[in-house]
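Heads up: the structure comes next, in structure tokens.
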């Protein structure tokens with residue numbers, strides 16, 4: 001009888017195991033097919049391994065010798081600034097590696113509140129709220145703020161995190177053509193029937209280096225009773241006279257309602273994001289923003305690094321001026337050599353090449369010459385608009401800039417991108 005039960009159990013288990021194995025095999029087949037389609041489309045993203053700290057000069061696994069890095073968001077060079085590193089170490093030692101908690105349980109330390117207050121002062125806003133990343137700040141904002149009675153109007157080339165955040169909310173969604181103020185006005189007219197109208201835009205767009213026309217956006221928002229939201233991830237710390245961002249650059253700091261930005265680019269490059277704006281909005285986000293409520297607090301070391309980075313910025317704008325001068329040096333030399341550089345005078349300098357294979361080949365040959373840049377093609381950018389995105393840092397030397405231009409000219413001629 002015992003043997004019969006064992007046999008019955010074994011027989012009943014066999015079909016279940018077979019079905020499980022069949023489901024796993026099906027999953028593997030689906031995944032391999034999807035991965036192969038990515039490879040076939042030429043959009044596979046490989047990850048080069050850096051074996052040194054981040055900075056203008058790095059070591060890359062598989063590349064001989066030192067490499068000059070021109071593809072980091074390290075606009076001010078603060079990720080390796082000795083005072084920023086020391087601040088992170090001090091905070092780590094005093095406040096520990098992490099909080100093991102969300103903010104509203106036992107995850108708020110004095111350093112979190114101090115940094116939020118410092119961010120609000122920096123942007124001249126009432127209050128600020130920290131998130132693990134700006135992606136979280138963007139996915140948390142719209143759902144918490146907007147209801148089905150409201151409308152959000154978004155630039156078509158906004159960052160993926162803004163797009164995802166808008167998808168999560170119940171507001172009516174309008175998309176206007178990139179930087180097209182006539183189209184935005186038409187959409188604002190159409191959205192007049194809604195309770196709140198929020199215009200959402202990047203301050204500086206990461207693929208093209210162009211800047212949102214905030215003066216015109218704010219004028220239209222005022223005319224049609226709308227609020228203005230700006231993501232300043234590629235502007236905070238270095239655009240504007242004191243690095244406050246595109247709203248300072250364009251003289252509309254008092255007209256932009258909400259700013260989201262990051263601590264993971266110019267402000268030390270560790271991690272973290274934030275929303276800053278009206279105090280009542282920040283209070284609402286603390287109660288309703290899901291990425292804030294259900295994510296661990298920002299680690300103390302990251303808080304310490306970002307706080308010191310802001311101190312350095314508020315003490316002097318010398319590094320901001322240095323980055324601007326080096327950006328101008330690169331752009332002017334590249335244009336004089338015959339390259340087309342997209343965007344305004346922004347440290348994101350897209351070298352427009354058009355052909356995806358050409359962009360990939362030039363980037364590979366640049367690395368062989370000790371210059372680390374990345375090529376971008378469809379679907380990251382439109383078809384026929386492939387480019388190499390060069391990013392300038394305040395800690396690049398003039399010699400670094402000149403060497404990069406020389407390599408571009410040499411490789412460009414080799415591949416027929418220059419005569």
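Indices start at 1 and increase along the chain as displayed.
Glycine is treated like the rest: Cβ placed from N, Cα and C.
Record note: Swiss-Prot gives 134, 135, 231, 232, 233, 234, 262, 263, 264, 265, 295, 296 as pyridoxal 5'-phosphate-binding, and the candidate from 110, 206, 316 in that site is 206.
Looking at 45, 234, the recorded positions in this record, the fewest other C-beta atoms within 10 angstroms of the C-beta turn up around 45. For the modified residues 187, 368, 383, counting C-beta atoms within 10 A of each C-beta gives the highest total at 187. Binding-site extent for pyridoxal 5'-phosphate: residues 134, 135, 206, 231, 232, 233, 234, 262, 263, 264, 265, 295, 296, maximum pairwise Cα distance 28 Å (rounded to the nearest whole number).
A distance of 15 Å separates the Cα atom of residue 265 (pyridoxal 5'-phosphate binding site) from that of residue 159 (substrate binding site).
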